[in-house]
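Written out below as structure tokens is the structure these notes cover.
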């Protein structure tokens, strides 16, 4: 065994019928961790149900159904390998909560794969004003997914089949759109594929011999390697807190930045509670250190379960510890609000693992969301499609950071009426020091 392959996360985006499931299913089927026996079972069921289109979407449908029924599917099923990377597919969208997941998402995508329906009418529907293609691309960019691969899918169903003219037309239109969003189209491979027939997915297709660029698999291998933020100070948002007999209090969460190790003195914001980490575990094995991306449980001394909650953030007490946000300024894009938003609006913010009502205290400016130029000072309101800078005040103690320093703690979804009405990235935070914070004996000894 040589060096372990690098892990990357990809998010597959695009309009509802663009063929995301088929394409993703195909990759997982050909390159992935799905057990041959499982595939055979699916194939047999598909045949019994006369699903000729079993092909690959069926694999994904089965996985989703099993996941939704609460059958824990081995997460390996959402993984596949390229020559260079282990790829994990982040929750395939089309899902109501996709936007929320993408933001508070358990993981930030390293690359977006945009699937485009190249058929007549299909492409136009996806890219139209209210098509999801635009929204997904805008979200990916706003949320810091800087690399993108575009797949012109369903090339087997263009008129004529495998039409170069149609491909050229789509590349031109999508490039101009992606450029407006903020991407550099010259750096984006546009791969003509058929997720259904398999053209250019893994091997080069003779049906598309006019195309000289990479296959989808090649394009995934050409993603530039992500830098993991282990050299930043520790930030670990808590997902849950358990009391484990014989061990004590065990907070659980994902290391977003920095490193967590036994013996470290950590501070939990917003309360400022400070204590020593006794041990760190992942998948029931103890670790000498946990890095960004690791989902860990760690045991802390002299702390009651009731003193810690989901949404609290653990940090190193000696290295830029996290603190409560008194208020913060964010760039917000309204994507799905039926009316208009003015000062005093108080929706719920989902940021990392916290879920807290926040007041839009002051709409500071309205900006052009593409260029960032100011359009209006102190606008009366913001409506769908608008972007602006807003000063926000949490209604309860909350921990957030600027997007530039700690990206996973600096992006959020604004939820109202059971849907995501806006997304935002935090530009600056005014912090406040905790008062009367408890420092445990274990932590005092380490001082």
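Each residue's number is its place along the chain shown, starting with 1.
Each residue, glycine too, has its Cβ placed from N, Cα and C.
According to Swiss-Prot, the protein carries these features:
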type	residues	note
BINDING	14-21, 91-95, 153-156	GTP binding site
DOMAIN	5-230	domain 'tr-type G'
MOD_RES	55	N6,N6-dimethyllysine
MOD_RES	79	N6,N6,N6-trimethyllysine
MOD_RES	187	N6,N6,N6-trimethyllysine
MOD_RES	289	5-glutamyl glycerylphosphorylethanolamine
MOD_RES	306	N6,N6,N6-trimethyllysine
MOD_RES	362	5-glutamyl glycerylphosphorylethanolamine
MOD_RES	396	N6,N6,N6-trimethyllysine
REGION	14-21	region 'G1'
REGION	70-74	region 'G2'
REGION	91-94	region 'G3'
REGION	153-156	region 'G4'
Practice task
Find the shortest Cα-Cα separation between residue 396 (N6,N6,N6-trimethyllysine) and the binding-site residues 14, 17, 20, 155, and name the residue that gives it.
Solution key: 14
Exercise for the section: Compute the C-alpha separation of residue 14 (GTP binding site) from residue 289 (5-glutamyl glycerylphosphorylethanolamine), stating it in Å without decimals. Expected result: 38
Problem - Per-residue Cβ crowding (10 Å cut-off), top of recorded positions 20, 306, 396 - result: 20
Problem - Integer Cα-Cα distance in angstrom, residue 289 (5-glutamyl glycerylphosphorylethanolamine) to residue 155 (GTP binding site) - result: 48
Completion exercise
Other C-beta atoms within 10 angstroms of the C-beta of residue 187 (N6,N6,N6-trimethyllysine) total 10
Exercise for the section: Compare the C-alpha of residue 362 (5-glutamyl glycerylphosphorylethanolamine) with the C-alpha of each of the recorded positions 20, 79, 155, 187, 306, and give the closest one. Expected result: 306
Practice task
Kindly report the helix/strand/coil residue split of the region 'G4' (153-156) according to DSSP, in that order.
Solution key: 2 helix, 1 strand, 1 coil
Fill in the blank from the handout: Nearest by Cα to residue 20 (GTP binding site), of the modified residues 79, 187, 306, is 79
Exercise for the section: May I ask which of the recorded positions 17, 79, 155 is closest to residue 306 (N6,N6,N6-trimethyllysine) if we compare their C-alpha atoms? Expected result: 79
Fill in the blank from the handout: As a whole number of Å, the Cα atom of residue 79 (N6,N6,N6-trimethyllysine) is distant from the Cα atom of residue 187 (N6,N6,N6-trimethyllysine) by 25
Problem - Intrachain C-beta neighbours of residue 155 (GTP binding site), sequence separation six or more, cut-off 8 angstroms - result: 118, 161, 162, 163, 167, 192, 193, 194, 199, 200, 207, 208
